[in-house]
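These features come from TrEMBL:
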type	residues	note
TRANSMEM	29-47	transmembrane segment
DOMAIN	90-204	domain 'DOMON'
DOMAIN	208-400	domain 'Cytochrome b561'
BINDING	His245, His278, His310, His346	heme b binding site
TRANSMEM	247-267	transmembrane segment
TRANSMEM	279-300	transmembrane segment
TRANSMEM	312-332	transmembrane segment
TRANSMEM	344-366	transmembrane segment
TRANSMEM	372-392	transmembrane segment
Amino acid sequence: LLPHYNHLSHLFATKKQSVREKKVEKMKASFKFSASFFFIIFQIIFISSQISTVNSQGSSTDSCNSNLKLKSEILFDTTSFHCLTVWSQQDYILRYMRTDTNVWSYVLSAPNTNSYIAMGFSEKGKMVGSTAIVGWVSNDGTATMKKYFLGGQSPNQVLPDEGNLQLVNFTSSVVAENSRIYLAFQLNTEMPSNRLIYSVGPSGILPSTADYRLTEHQDHTSTSLDYNTGQSETKTLYANLRRSHGLLNMFGWGILMPIGVMAARYLRQYDPIWFYSHITIQSLGFILGFAGVISGLVLNSRLQNNVNRHKGLGIFILLLGCLQAIAILVRPDKESKIRKYWNWYHYITGRVLILLATINVFYGIHLGNAGSSWNAGFSVVLVILFITALMLEIRMWKRK
C-alpha cells in the first residue's frame, strides 16, 4: 500500500502545483491587461496635455506696453489707440480708436503662422451672419486683405467682397513684420458692433487669387468689447449648455463607467451585491451619458460648428452603451455553453467604450477651449481611479 500511497500523493501534489501555476499565469495575464489598459489611459492624458498647450505657444513680439512702431508704416496714426489682448490663446492684440465722427480705426496683431487672420463683427456673437475682415501674407510677400460675408458654414456661402461693413477707401493695409502680421483698416460707421469674433486659418493654406475662397478656420473665439472702457470679455455662446454637456459626459461615460467595471471585478466575493452595484452604477452612467450626447447634439445644431469627429465618437459611444444594455437583457445562464463568448463580448465592448469615452472627453475639452483646469480635474480623477484599481488588483491576487 505504501507505494500506492506515495504515488497518489505525488499525483495530488502535481495537480496542486499545476493549479497554482495556472492561477499564477492567470494573474500575470490579468496584470498585463490591466497595466496595458491604464498605460493607454495615461498616454491619452499626456497627449491631451500636450494638445492643450499647443495653442498657447506663439511668438509674442508685440505688446501694449509700448507704441506700435513698424518699418512698413500703417496708413493712419495709432499713437493714442486703446490697446488690449483680445485672444490670449492665440496672442491676438487689438488696437482701436474713434478717429473721426463716423470713422473707427482698428489694428489687429497676431503671430504670423502662414495662415490668415480674421476679425468679424456680429450682432449676436455668432459666426454665421457676420461680416469679417480677413488678411494674410503669402510666401512671396504679397499682402492681401478682403471683406467676407459669412452666410453659412460651407465654403460657397462665405462670399468675398460682401457684407454690411463699409471700409474707408485707401486706408487698409496688411503688414508682416517680426514674425507677426498686422491687419489695419477703418470702418465708416457711427457705432460698430461690440460683439467681435476672431479666427485663425489653417497653417499653410491661404486663399488663392483665383476666387479668394476662404477655407475653414483652425480656431476661433467670440468676445464682447466695451469701446468706452477698452475692456474685452470672452463670450462663450450657450455657456450653460456647454458646461452641462461636458459634465454629463465626463461623469457618465468617463467616471461612472470605470467605477462600475471596478465594482464587477473587485467585489465578486460579495455576491449578489457586486452584480446589483455594477448594474446600478452602469445604468446611472448610461443615463447621464445619454443626456450628455443629446445635449451635445442640441448644442451642435445651435452653434453649427464643424465637430464631426467629436460628434461621431459620441454617437458611437452611445451605440456601444445601448449594446451593453441590450446584452444584459439577453445574458445567458452561467451553465450555458455560449456564456463564455458573451463574457468576452461584454468585457471587450465595455473597455472599448471607456477608452473611447476618455479620448472623446479630452478631445471635447480641447474643442471647447475649456482650459487646463478641466484637463487637470479629469486627469486627477483618472489617476485616483487607476491607483484604486491597482490596490484592489493586488489585493485580489493575494486572496487567490
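Just so it is clear, glycine is given a Cβ too, placed from its N, Cα and C backbone atoms.
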Per Cβ pairs under 8 Å, the stretch of 247-267, 279-300, 344-366, 372-392 packing most closely against the transmembrane segment (312-332): 344-366
Non-local residues, at least 6 beyond the ends, that sit with Cβ under 8 Å of the transmembrane segment (247-267): 273-275, 277-278, 281-282, 284-293, 295-296, 314, 317, 321, 350-351, 353-354, 357-358, 360-361, 364, 378, 381-382, 385, 388-389, 392-393, 395-396
Which same-chain residues, if any, lie at least 6 apart from His310 (heme b binding site) yet have Cβ under 8 Å of it: Gly296, Asn360, Tyr363, Gly364, Leu367
Number of other Cβ atoms within 10 Å of the Cβ of His278 (heme b binding site) across all protein chains: 20
Fewest other Cβ within 10 angstroms of its own Cβ, chosen from the binding-site residues His245, His346: His346
Whole-number Å value of the largest CA-CA distance among His245, His278, His310, His346, listed as heme b-binding: 28
The domain 'DOMON' (90-204) - residue tally per DSSP class, helix then strand then coil: 4 helix, 63 strand, 48 coil
